[in-house]
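Data first, discussion second: the structure below is written as structure tokens.
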Amino acid sequence: MSDEQHQNLAIIGHVDHGKSTLVGRLLYETGSVPEHVIEQHKEEAEEKGKGGFEFAYVMDNLAEERERGVTIDIAHQEFSTDTYDFTIVDCPGHRDFVKNMITGASQADNAVLVVAADDGVQPQTQEHVFLARTLGIGELIVAVNKMDLVDYGESEYKQVVEEVKDLLTQVRFDSENAKFIPVSAFEGDNIAEESEHTGWYDGEILLEALNELPAPEPPTDAPLRLPIQDVYTISGIGTVPVGRVETGILNTGDNVSFQPSDVSGEVKTVEMHHEEVPKAEPGDNVGFNVRGVGKDDIRRGDVCGPADDPPSVAETFQAQIVVMQHPSVITEGYTPVFHAHTAQVACTVESIDKKIDPSSGEVAEENPDFIQNGDAAVVTVRPQKPLSIEPSSEIPELGSFAIRDMGQTIAAGKVLGVNER
């Protein structure tokens, strides 16, 4: 990886519209996949009678999924262009993966929306665009994929562009901030070089559009926030919490605090990829050892931050949520599980403060009795156990969450304000 600026890129869109193939193609065209790996995948795919899957295979690290011909792995794949180092927050389309989309898109700076030319806007296309808008993704590149299946027809392309523009208007996403490109990820059209099949199109190709995305605001200005994924005991070192730096910088010698467990100590060592490093920056996955903090003092879901600017712990918080799939209605007192960063905590909806018109963002109703599928609302939430969470306007990386119940994602949201304990 070069010292270029970093972008986290969400790939969103309906299942089977070709997201994995597009990602594989991007990795392939930017030289991020060794040639021999592609050849090997090609042979495997042909053996199994799925000749066209060599790119999707690049994305596919799960042997069992490979057998079923479905790709669902959210691999943090990386590739570089002339301008940026990209990490792909791959967002597969399967319904249960909306939660990953929520946790993924919240880390994403921009997004590529994949829409199949032969299928147009589908329910998940709508859901993903709505989420992208709710979670604050600023720029959208719309890849109208599978152009080879409609014989590269301009009228088919234009029809899909109109459908997507209507959808963007519905969710108040400024289509001025969207670029539309006719592509075939499978054949490679308009990805890394202009296609001879789309003579009627004179816009940018995908890699050019990616190069021109606006640079993300560097999150290092924010204080250190590092959600803990696991806590290990390693002989000779002691207790080693592991997690990804979301904001700020973790330095050896720092005094840090873990919330909500409320323990603190001095960072003795920081390790990344089995090597000791003096510091860790946003996006780095690290293990570190803190003097005086034992294995039973901290747990997954804690957030590490500076001792003099510790992570917020919410007594209650106000949030804007979007209800995606709930079998009936949500009323005050509803207590599902909130998934925020690495924490999973049951939380009660204490009050439904406002219903929001999702298409305009205006207040549709004050203090409604209930909300249901498709509604956006501002709610006040009380965690049943201590939860560290931050307003998304201050630290967006720790300000979004998914709400799950009955084995599915019910809603997604972002934190507006925290009333601290």
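In case you wondered, yes, glycine gets a Cβ from its N, Cα and C as well.
Look at Swiss-Prot and you will find 4-220 tagged as domain 'tr-type G'.
A strand conformation is recorded for GLY13 (GTP binding site) in the three-state DSSP classification. Summarising the annotation, Swiss-Prot assigns GTP binding site to 13-20, 90-94, 145-148.
Residues or ranges marked as region 'G1' by Swiss-Prot on the basis of similarity to another entry: 13-20.
Residues or ranges marked as Mg(2+) binding site by Swiss-Prot on the basis of sequence analysis: SER20. SER20 (Mg(2+) binding site) falls within a helix when secondary structure is assigned with DSSP.
What Swiss-Prot lists as region 'G2' is 69-73, and the listing cites similarity to another entry.
A mean pLDDT of 50 is what the model gives for the region 'G3' (90-93). Annotation comment: Swiss-Prot describes 90-93 as region 'G3'.
The region 'G4' feature in Swiss-Prot is assigned to 145-148.
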Secondary structure at MET147 (GTP binding site), reduced by DSSP to three states: helix
